[in-house]
Amino acid sequence: MNLLIKGGRVIDPSQGIDDTLDVVVENGLVKEIGKGLATSAGAETIDASGKYVVPGLIDMHVHLRDPGLEYKEDIISGTRAAVAGGFTSVCCMPNTKPAIDNKAIASYIINKAKTEGACNVFPVGTITQGMHGDRLAEMGELKESGCVAVSDDGKPVKNSELMRRALQYAAGIGIMVISHAEELELVGEGVMNEGFTSTELGLKGIPRVAEDIATAREIMLAEYVGAPIHIAHVSTKGAVRIIREAKGRGVKVTCETAPHYFTLTDDAVRGYNTNAKMNPPLREADDLAAIKAGLKDGTIDCIATDHAPHHLDEKDVEFNEAMNGIVGLETSLPLSLKLVDEGVLNLSQLIEKMSCKPSELLGLGRGSLKAGNVADITVIDPAKQWTVTESALASKSKNSPWLGATMAGAAACTVVGGKIVFSGR
């Protein structure tokens, strides 16, 4: 399929481009970008007037639940949700059943995604075997099989010596370690952020310091061995400060946050709303402000969703018993566009955090519209108004705290490898 994407505002931070231009796609690759372009006879033309044309969005942190938990989500439904949200690539976390701790599981995911998925899927392998936290996984084998990072996401690696060795080994073979930073003894039986709201609701709280201490440990270990570390789903003002200070002294630390941490506070839990229960939990207003400040000054490198689908039966229970996590692939873009409206980021900075930087950190070879690159492209309609409903979501699971909310902004067209895989709501 050959394409001419015409008259859109092309924003490509990798090339410093922000202008009204045309994009020509031929044989699955970007052929050229410029004004007044034409393409071969029979090419499909996409009118991008009034829209943004950007490198395909990349979500470096999703849970596709495949294999083993397909009643929540699978590669087919998860990638359909991804392209509906404008994502052309996703990185799937390894807390599946069985976990992605060997070549066979990684190969299964890659092969299924190639034959049945709607977008690129890059698996993340485990740090430890079975995510049990006692023995390192075969990281070299995982990298060779196509894993782009390693993580025990969903829980931390408690053993500091094991984490030190993981960082050393991963650095030696050139694969990123993604840390779920959480001090479990401080978390205890907590189910939401510790503070005024948890006290008022009579729910056991999780103190911010549980994340802060674990973040500091990871940074100190990485600094000690001279290895890179990536901190997942940053949610506290303390973690932002610790990461900012570490970057200032040259530590190879990067991090991500998720849209719910810069749009919601723990007030969303009122009414015991289980669709506002996730890990890390929603924090307070000063944490939200710190997350925005971290995005603005570059402390926070990436925006990821931590898309975590759960079946209704796992959410329609008492708050204490409900599973942690929310779906986020289809709401991430409009929520993140609010950062531009608020002056936190400009459009180029937003696309950098949602496409270019994730690709750079994980070595995906995406995140750019340079001629010759794979044509992964997202066309964004910033004026599109739509309502989040269960029927509007492509994900198998509907556990979103924004059900019933009206969103501004959506993917108008998602192109993966030169093929149109989604054409708007």
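Glycine is no exception: its Cβ is also placed from the backbone N, Cα and C atoms.
Among ASP152, ASP153, the residue that Swiss-Prot places alongside HIS61, HIS63, ASP306 at the Zn(2+) 1 binding site is ASP153. Swiss-Prot annotates ASP153, HIS233 as Zn(2+) 2-binding residues; of HIS180, HIS260, the candidate listed for that same site is HIS180. Counting only residues at least six positions away in the same chain, the Cβ atoms of HIS61, HIS180, GLU256, THR257, ALA258, TYR261, PRO280, ALA304, ASP306 sit under 8 Å from the Cβ of HIS233 (Zn(2+) 2 binding site).
Applying an 8 A CB threshold to same-chain residues 6+ apart, the list for ASN95 (substrate binding site) reads HIS63, MET131, ASP152, ASP153, GLY154. Of all Cβ atoms in the shown protein chains, 26 besides its own fall within 10 Å of the Cβ of HIS310 (substrate binding site). Comparing the binding-site residues HIS61, HIS63, ARG65, HIS180 on other C-beta atoms within 10 angstroms of each C-beta gives the minimum for HIS180.
Taking the mean position of the Cβ atoms of HIS61, HIS63, ASP153, ASP306 as the Zn(2+) 1 site, the remaining residues of that chain whose Cβ falls within 8 Å of it are VAL62, MET93, GLY154, ALA232, HIS233, ALA304, THR305, HIS307, ALA308. For the recorded site, HIS61 (Zn(2+) 1 binding site), the DSSP three-state label reads strand.
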